[in-house]
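According to Swiss-Prot, the feature transmembrane segment maps to 31-51, 90-110, 136-156, 224-244. Residues annotated as N-linked glycosylation site in Swiss-Prot, with sequence analysis given as evidence: ASN73, ASN177. Per Swiss-Prot, phosphoserine is recorded for SER257, and the stated evidence type is similarity to another entry.
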Amino acid sequence: MKPAMETAAEENTEQSQERKGCFECCIKCLGGVPYASLVATILCFSGVALFCGCGHVALAGTVAILEQHFSTNTSDHALLSEVIQLMQYVIYGIASFFFLYGIILLAEGFYTTSAVKELHGEFKTTACGRCISGMFVFLTYVLGVAWLGVFGFSAVPVFMFYNIWSTCEVIKSPQSNGTSGVEQICVDVRQYGIIPWNAFPGKICGSALENICNTNEFYMSYHLFIVACAGAGATVIALLIYMMATTYNYAVLKFKSREDCCPKF
């Protein structure tokens, strides 16, 4: 029989080796996490959620403001109402698509990172896998350009509401020349092209305009459009990160498929 001290030493050695094995396994697993894609996914989900949620509510508030104050005749803004309703349905589609696309890109990031870092033995990748990675690179570039347009488009209602808000601030300022001067300060939304020129009243002046700025619909819509624009900007940044990650991984996969080499992302 072995002495008790020798048996205890062997048990301690085995336990330390097990702990070391678990630690190395954890480090290896963490090494396979595509951190760039993970950050981009979180940023993409947050940006799309802000853009879609805030944009949907802000559009509904905009319609309410137009109907109550700038275009009392329903037929004058019927086309605008249909367009806004269509945009709200498009928002549902955008949210669903990017939720799925973000998950797919994250999964693709895990696949390419594991392949590049050779976590599961020697480097292995197929022509189909490289083709799929290339497809994601192209699609992400297209979506990035498209979201740049969405970001610019989302700034338009912010600009419009800012003009109305700044006009109201001028009306509230003590420099306004009495009641007659205030009533000459107006906002005409027809100049933005969202309602036709024959819409009535189309133009609001003075104290009536100030009352619009004090409504909850105006306050909420203005700030929600700002948040929606910020969400669109966050989505653009997320897609830029996706572009860099997918392009780098695809390039390394192509390179390592010809000659086993080192880098990783």
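Backbone N, Cα and C define each Cβ position, glycine as well.
When each of the listed stretches 31-51, 136-156, 224-244 is scored by C-beta pairs under 8 angstroms to the transmembrane segment (90-110), 31-51 comes out highest.
Within the same chain, residues 91, 94-95, 98-99, 102-103, 105-106, 108-110, 112-114, 117, 119, 150, 154, 227-228, 230-239, 241-242, 244-245, 249, 265 sit at least 6 positions outside the transmembrane segment (31-51) and bring their C-beta atoms closer than 8 Å to a C-beta of that stretch. Around ASN73 (N-linked glycosylation site), the C-beta neighbours below 8 angstroms that are at least 6 residues distant in the chain are ALA199, PHE200.
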